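Enquirer: I'd like to ask some things about the structure below.
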Number of protein chains: 2
Amino acid sequence: MNIYQYPQKSDWAGIIRRPVLEKKNLRATITEVFEKVKNDGDSALQYYTSKFDGVSLDSFKVSQEEIEKASNEVSDELKAAIQHAKKNIETFHRSQEEETKKIETVPGVECWRESRGIEKVGIYIPGGTAPLFSTVLMLAIPAKLADCKQIVLCSPANKEGAIDPAILYAAQLCGITEMFKIGGSQAIAAMSLGTETVPKVYKIFGPGNQYVTAAKELATELGLAIDMPAGPSEVLLIADQQAVPEFCAADLLSQAEHGADSQVVFISTDETVFKETLLELEGQLSQLPRKELAAKAIENSRFILMESLDEAFELSNCYAPEHLILAIANPEIWTGKIRNAGSVFLGNYACESAGDYASGTNHTLPTNGFAKNYSGVSLDSFVRKVTFQKLSEKGIQNLGKTIEIMAEAEGLFAHKNAVSVRLKSLES
Amino acid sequence: MNIYQYPQKSDWAGIIRRPVLEKKNLRATITEVFEKVKNDGDSALQYYTSKFDGVSLDSFKVSQEEIEKASNEVSDELKAAIQHAKKNIETFHRSQEEETKKIETVPGVECWRESRGIEKVGIYIPGGTAPLFSTVLMLAIPAKLADCKQIVLCSPANKEGAIDPAILYAAQLCGITEMFKIGGSQAIAAMSLGTETVPKVYKIFGPGNQYVTAAKELATELGLAIDMPAGPSEVLLIADQQAVPEFCAADLLSQAEHGADSQVVFISTDETVFKETLLELEGQLSQLPRKELAAKAIENSRFILMESLDEAFELSNCYAPEHLILAIANPEIWTGKIRNAGSVFLGNYACESAGDYASGTNHTLPTNGFAKNYSGVSLDSFVRKVTFQKLSEKGIQNLGKTIEIMAEAEGLFAHKNAVSVRLKSLES
């Protein structure tokens, strides 16, 4: 744990420096996987699934039976919770639909844009210790709202050849019909290239380990789009005198438990809150099942005492956190100060887990400082906005001369002529 | 010129196949440029500007004097045209501003999002035969509307050490204050890494040759965002019996004159219009100053006679054109058929040059089939949408149980605990 008391501004850069992600050179490995999947299709997937996941599968496609079985295995309590979260996520993402606004920029010249869902999208859900059914909701719900025609989900099978029932339940609840038991870079390769059973998609979403990340990078070079660059999860919490140390500690730990590389930054303008949060943290940490992971993240965490909220927001903007929690009085009056952040949580009752699961906002957010240049996933991520324009005779007459002059000045005479022939036809 | 009459659906893929872009391996060259710019800063820029552009510059920054001089050199007629275009582009892009909508997903749980301009953006404007001041408008106007704090423009100097006056005039008119006489991959390297005089930015926009494209790719690996992947410009025009062959030919040629690799696709459902457009094309082509370039593009162009508009739209969606012109009766009733396109032009008077210059829509659009997964540049490209949420005591009470159940099912107990401590505190 690194503690800084009223640091000089000149020290800020050092304090908020993120560890440089060691990008292992996986290029050769990933290229080989893509080559093999391209050449051998499903049999390459079989080969890698056996090699990397240690399971031999006759068929990758999750059957209707498996989906029904999964649904029976999920408790009614969890089903109800997932449905509740789904409803909220739907409500918020539906509010992101853009109304078509026809704008008459010049009399007779109408411009507007319309959204179109990306026709084919892929969702990757990692395996591992935690079954990330919440990520299924965060990606499948906006994909459906966006009217994506084909939504493909890949997730690795466990040793028994199955995907966690909660993942399958969430997927079918959201209307996904094509689910495949494929993991790792071979899953990304399959969705990028297409095989006998896995459809090729245009954009791939979802988290994953370094192999998945490297495979998504390679996919972009093949012309696919991806949700955003990857990095470890992070939170920055700003607390003033009215913050509740118990809550602050719990929020910091909920970030820390993601993994040893999770980034945790705590800023307080109040010494008592600062000290008590540190104490609370130790107490709560010892109770956690994932305390080893969380303890490692806390070791690298930064606790900063600062003079003022103005300073705190300035530092936060430099850091550009994925999650920003404002445990301060009247947080709304401070939001104008926020320039760089993924998702912001206001007040003592907006814990990060609310946004992670069920409030309605998306939890796929820019990490590693990417909040400076990327937005989190939203309905926008699943659509393209197509522009339209209509010119009447009057429209081209009003705008024609301007276009002709500009085209000529750029030396593009065919561009000019496309206007001239129309203007001339209207003269007669 | 390739002519297809009523082709079988099985032949479509071959007909609309784009030439595979030969990605020359510029990796080593570009990496060297970035290395040198990183190590030597401005002096590396000097070195490359001398080496690649053949001009020796004492200072890269365009001075106030140079801007004033440029303004004096631009004709009043062109100034008025640029101002007219600017007004329209501003009007349309301002209409893309998103109103903040606070959504109460559950009583006591409010979610919304707010736009924030990307703080530092870079605009690259290529040199060459045509001074692309229109691209300055298309990128600088939304950057300003988005409230980007720092907007940097790079464009190569000509042999006299100057940037085309129309480019400088457009840039200062849009409020850009930092303009640099730097071109090619070294300009992208400078904006990606920063030097003594050129600021490092977070996102880079603008067209360029294969070196610029490769440099933008490398920039993304350094954590920068870019506008979109590059490819040659293209148009697909759908014409029915009421289309005007003279207009159609002019539109196809305005695409063809961009370069020998421009993609031109013409589809007609009417044999007379089809034949007459071919005739018109030959006549108009011979009149063009850039006829050699245009003729090469026309050589590779595709002219397709089809049975029905339904078929035409289906083929168009497979091709996913950057520009789609609908020279058909009642084009509005057909727009619902469009799934993949960058920008759409409706009716006989909406020529592509209107959108290229002055109607208000953006001309930076997805090419090479990227209309399947990318939108064109808009105000959205210059902002990030930050999500916010506020939970009241009632909010966490309404949502808490759901979060607890989901967090526990994912094995994330600290996430659960962040809710539990709050619920507990409210019990007493």
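Backbone N, Cα and C define each Cβ position, glycine as well.
A TrEMBL annotation is a machine prediction, not a hand-curated record.
Relevant sequence annotations retrieved from TrEMBL are reproduced here:
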BINDING   B:Y124, B:Q186, B:N209  NAD(+) binding site
BINDING   B:S233, B:Q255, B:H258, B:H323, B:D356, B:E410, B:H415  substrate binding site
BINDING   B:Q255, B:H258, B:D356, B:H415  Zn(2+) binding site
ACT_SITE  B:E322  active site, proton acceptor
ACT_SITE  B:H323  active site, proton acceptor
Enquirer: With the NAD(+) site defined by the record as B:Y124, B:Q186, B:N209, how many Å span the farthest pair of C-alpha atoms?
Expert: 13
Enquirer: Including all protein chains shown, what's the count of other C-beta atoms within 10 A of the C-beta of B:Y124 (NAD(+) binding site)?
Expert: 27
Enquirer: Round to the nearest Å and give the CA-to-CA distance linking B:E322 (active site, proton acceptor) with B:Q255 (substrate binding site).
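Expert: Between the alpha carbons of B:E322 (active site, proton acceptor) and B:Q255 (substrate binding site) there are 11 Å.
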Enquirer: Hey, what's the Cβ neighbour count for B:S233 (substrate binding site) at 10 Å?
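Expert: Its Cβ shell of radius 10 Å holds 24 other Cβ atoms.
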Enquirer: Give the three-state DSSP assignment (helix, strand or coil) for B:Q255 (substrate binding site).
Expert: helix
Enquirer: If I take the alpha carbons of B:D356 (substrate binding site) and B:Y124 (NAD(+) binding site), what is the distance between them in whole Å?
Expert: 17
Enquirer: Report, in sequence order, every one of the binding-site residues (B:Y124, B:Q186, B:S233, B:H323, B:E410) having a CB within less than 8 angstroms of a CB belonging to chain A; if no such residue exists, report 'none'.
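Expert: The answer, in sequence order, is B:E410.
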Enquirer: So of B:Q186, B:N209, B:Q255, which of the binding-site residues has the fewest other Cβ atoms within 10 Å around its own Cβ?
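Expert: Checked B:Q186, B:N209, B:Q255; of these binding-site residues, fewest Cβ neighbours within 10 Å: B:N209.
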Enquirer: What number of additional C-beta atoms lies within 10 angstroms of the C-beta atom of B:H323 (substrate binding site)?
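Expert: There are 25 such Cβ atoms around B:H323 (substrate binding site).
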Enquirer: Given the binding-site residues B:H258, B:H415, which one has the fewest other C-beta atoms within 10 angstroms of its C-beta?
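Expert: Relative to the other binding-site residues in B:H258, B:H415, B:H258 has the fewest Cβ atoms within 10 Å.
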Enquirer: Among the recorded positions B:E322, B:E410, which residue has the largest number of other Cβ atoms within 10 Å of its own Cβ?
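Expert: In terms of Cβ crowding, the pick is B:E322.
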Enquirer: DSSP on B:H323 (substrate binding site), three-state: which is it?
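Expert: Its secondary structure by DSSP: strand.
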Enquirer: Using the recorded NAD(+) site (B:Y124, B:Q186, B:N209) as reference, state which further residues of the same chain have their Cβ within 8 Å of the centre of those residues' Cβ atoms, listed in sequence order.
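Expert: After dropping the recorded site residues, what remains is B:P126, B:C154, B:P156, B:G183, B:G184, B:S185, B:A187, B:I188, B:G208, B:Y211, B:V212, B:A215.
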Enquirer: Three states by DSSP: which one describes B:S233 (substrate binding site)?
Expert: coil
Enquirer: If you measure B:Q255 (substrate binding site) to B:Q186 (NAD(+) binding site) at Cα, how many Å is it?
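Expert: Cα-Cα, rounded: 29 Å.
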Enquirer: Sort the binding-site residues B:Y124, B:Q186, B:N209 by C-alpha distance from B:H258 (substrate binding site) and give me just the closest.
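Expert: In terms of Cα distance, B:H258 (substrate binding site) lies closest to B:N209.
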